[in-house]
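Residues annotated as domain 'Piezo TM25-28' in TrEMBL: 2-211. Under the heading domain 'Piezo transmembrane helical unit', TrEMBL lists 415-533. According to TrEMBL, the feature domain 'Piezo THU9 and anchor' maps to 614-848. Per TrEMBL, the feature region 'Disordered' maps to 279-305. The transmembrane segment annotation in TrEMBL covers 20-41, 53-77, 114-133, 313-335, 436-453, 460-479, 499-521, 616-638, 658-678, 687-708, 826-849.
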Amino acid sequence: MWFYAALISTSLAGVMRPTIYSLGYLVGASIFIWEGTHIFLRPPEMILRRWNMLIGYNVVVMLIRTVNQIFGCILIHEIVSDCMIFKIFSIGCVDKFGLTAGVPNISENTACRALYASLGLAYDCICFFFLIFQQRIFKTYHFFHMVNDIKAQTILSNRGAELIVEQKRKKRQAIDLQDKTIRENIEKKLAKVRATHQRVHGNAYARKKTNQSYILKSSDYYMFDDAILNNDIPLRPETKQNVSKSDPYDPMPLTEYLKLFHDTDVATVLEKRDLRRRKRKLMQQGKNPRAVKTSPGPSTSNIRKDSRKTRKFLNIFLFIWGIFESLIVSTTLFFNERSKDFREILNEINAEKKILKEHSKYARGVRLGTNKVWSPVQDYRDLILARRDDKVEEQHDYQDSIYFNFISATWLLILSHTELLSYCIIIFNQYKRANFISLPMVILVFCWGTLTVPKPTKTFWVSTISYVLIMLFIKNFFVMDIIPWETNTHMSNLFFPPLIIGLNRYASLHINIFILVLLFLHRKVLQTLGLWKPYDYRIATLVDNGEYTLGDQKLVPLPVKDTTTKNPFVLETVEASFGDYFPNSIVPGFAKYAERLRLFAQQLIVPSFTQIPVDVYTPMFLCDLINLLIIIFFYGSFYKAESDEGFINFIQNNDVPISFLVVVLLYFLAMVIDRAIYLKKSRLNKIFYHFFQVIAVHIYFFILYPIITERIFIKTPVVQAFYIFKCFYFLLSTYQIKNGYPALISGHYLWHGTGTLRRFSYKIYNCIPYFFVMRTLLDWICTDSCLGVGDWFTMEDISQNIYENMCCTQTLEVPDSKQHTRSRKYLLGGFLYVLLVFTLIFPFMLFSLGSTVGVATHPTKFKIEVYMGSAEPLFQSHTSEKTVQRPTATFGAYRWYGSELEDIRGTHSQLNMVLVTSYTDDHASSMQAQISKWVNIISNDEKYCKYYDRRQGRLQHETQEQIVNILVSLTSAHGNNNHASIRMNLDKQDQEQEETVLRESWSWP
């Protein structure tokens, strides 16, 4: 563990100080991390020599940085040009105490100063500490135990893979047995139904039993009498609970704790909690826990002497603390259940490793090759299997606290899911950066790693690690302050190549380091389990080489014939150039590498490994449903620049775009296709559909989306949320493809339980308009059945009634003459009542809050045609949506067109009109002249004008000259896109009425 901590500190020393020296740190750390703990199999002197080289580099870098301080504090005040040498070698001055501030005639040159982040020795010193400490570990006797442990792991390198295969085989047998039992139980029930049917109809049943229409019409409740309904033939056999049971001396799990509180009171709960705590303490002391009496201990008697208020407060505190402990225990049990398979295999390997160390001289081996890597001289498989116990039971250590067990369970959960964590951090990196340099990793994950059967190969992980290392080196070079072409003006450009690629000064390397750490952690787990070695090289010897004959259904070896000849053979090595075989060697070369691709596709389509079928359609559907809602309510974020339009905006504007309907229908069609593939259990179609979706989504969001919307992916949270849920969908889709579909996929997901939550969730699901009908109709289309569509809906209705009766009998059953508790009535009944009230008033709330009632729909396009006795118009003119100015309701409207004021609505009134000016001319003098001329014409009978000040919300009285100045100032202050509105009042109106009318009709474009 300290070995990897030293290498991580070395990597951080290279990342946190982006200089030319960082490359040496990254190269050195990468070499050691690449080899991992298998470097311990080399000779100790070779390990120390390499480690000392890394320490020496660290010391040299610290010396160079220290010397650079001397040159930096002196030369930085003199040199004003050719500063590249300062930035490359990070020559600068760290003057934290301001020693050069008082020196006369010295002015610091900021042009040649290196970045402050690249100066300092803090990370170099931390790296030096870890490296020296690890060097001391190499020289201790403990290091030999570490080497022996690695040797034992090397000998047992394939045992983990064998145990995993055996584990999957047992699970598959259990699943096949369960499916067989279900089919047999169905046949038994159908046989009883047929017998009852024949008993009632007699010979008529024998004559017409092949007529499907007759059987459907003659069916009735007599076929399902009490003898059949109450039989002991369950369709689905009872599943054994494999969940790790809580220890009777640990604190109670949360469900048991709350159930006890529901049935009793706080005092009883605390008494049982104290009893379990005292039993655990006796177990830790090695005593018999049965000796503990059920009566309260001394602490409880002391509590009774206190006041009632203090005792009540203390009981509440202990009860809340008990809930916290129960939550810790329940979480630990949940984590242990999720990592159960991993823990079983790990315990098996540890037990076999213990046998190997105790009963053999496993440390003996040979060192071959130039690297002198240790390798075993014999196989210890027979020894291990001969002394192997049947099963290893996981022992419970009562010395460990529940918090230590929780930490241990969390760590084992992480180790058992390092593959999934690696995928998630790669997806998160693309989600945060959205650049081209990290895009290939995501494509590799969705199109290669997650689809490899049964597990991703060593080639995939080596390719991913290599790509991350190369990306880390390239990014580290561009982060350094030595590239002059990067400026802030370029960074504002969406299509600036370094920004799109992801190579710029502000590129973060921390996520890449974290990805690298997770990848190497996963590699360590694979090496421990024996899964790092490629499957192609695991040779399984079925029979020995030789000739055999088939006898009694067995292969009987024939006697070996002596085929030795005395004819001598001479081998001669001929040196040939590459050009001699170049044209003919292309096809075999491609065939060699294409063979792996063919094997990958073959295993993906027709896997030869044992599969554990899974059904993850429900979470896949939820991801698609969430994305569909995101598209509906935030449609503008996906296609329009600077727009967040959605379904609510379309309702307010009484306008639903055709593009919106097309996109929603296309996505809904994709969900229908996914459902059809699931019902058909078509593995090949699912593979093609998965590849199409992965390529289409990434091409749109990272190539087409910035071009269409002029937005950056990382600056649009709605699109980021859509991408995250789509990535979860892709992970679930690949998980479904790898493991295959179960034999029985009929039945609704909510029917898997009869709880209150599932029951009412299913009722809400049925209340969604057309949803239930569409799903049932699609199931009938994609399912092979002899039933018609009407009979299929009848069967679905029967299934609903059966499920409803099951829920009523199991969840609503109460003893006779015992009323329901008030808590149940208030919680369940109150929730349903509030839900019904909300459903009733929701339409009114929608129209009230949306402010859509009474709002007129303004025209968006105008078209004028002039006809003079001809079929075709002599003159046509039309405007687009961008050039249309929206007039007010009661006043005339004008706009500034070039250097003239153009009436866009016609003069509605000479006494009351609104001047709307849209300035497109930058010359303030010409605008002032035109405005003055226009104002003088319409207001020559008035000394002052009234206008509405939008900022202050009231009428203002100004002279004509002041109004002209205000308009000109608005133009020069707000630019060409601002519109100013002013109302010229020439008649005598009441000011109150005037303000009311003006506010109602005011428009500020």
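Heads up, the Cβ atoms here are built off N, Cα and C, so glycines get one too.
Remember, predicted model here, so these are calculated numbers, not experimental data.
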Could you tell me how many residues in the domain 'Piezo transmembrane helical unit' (415-533) are helical, how many are strand and how many are coil under DSSP?
81 helix, 0 strand, 38 coil
Restricting to the same chain and to residues at least six past its boundaries, which positions have a Cβ under 8 Å from a Cβ of the transmembrane segment (20-41)?
3-4, 7-8, 10-11, 13-14, 47, 50, 53-54, 57-58, 61, 64-65, 88-90, 127, 143, 146-147, 150-151, 154, 373-375, 465, 469, 472-473, 476-477, 480, 516, 520, 523-524, 527
Spatial neighbours of the transmembrane segment (616-638) far in sequence, C-beta under 8 Å, 6+ residues away:
644-649, 660, 663-664, 667-668, 670-671, 674-675, 678, 705, 709, 711, 716, 718-719, 721-722, 725-726, 728-729, 732-733, 735-736, 745, 749
So which of 53-77, 313-335, 436-453, 499-521 has the most C-beta pairs under 8 Å when paired with the transmembrane segment (460-479)?
499-521
Intrachain residues whose Cβ lies under 8 Å of the transmembrane segment (313-335), provided they are six or more past its termini:
243-244, 246, 250-258, 261, 266-267, 269-270, 273, 303, 306, 402-403, 405-406, 409-410, 412-413
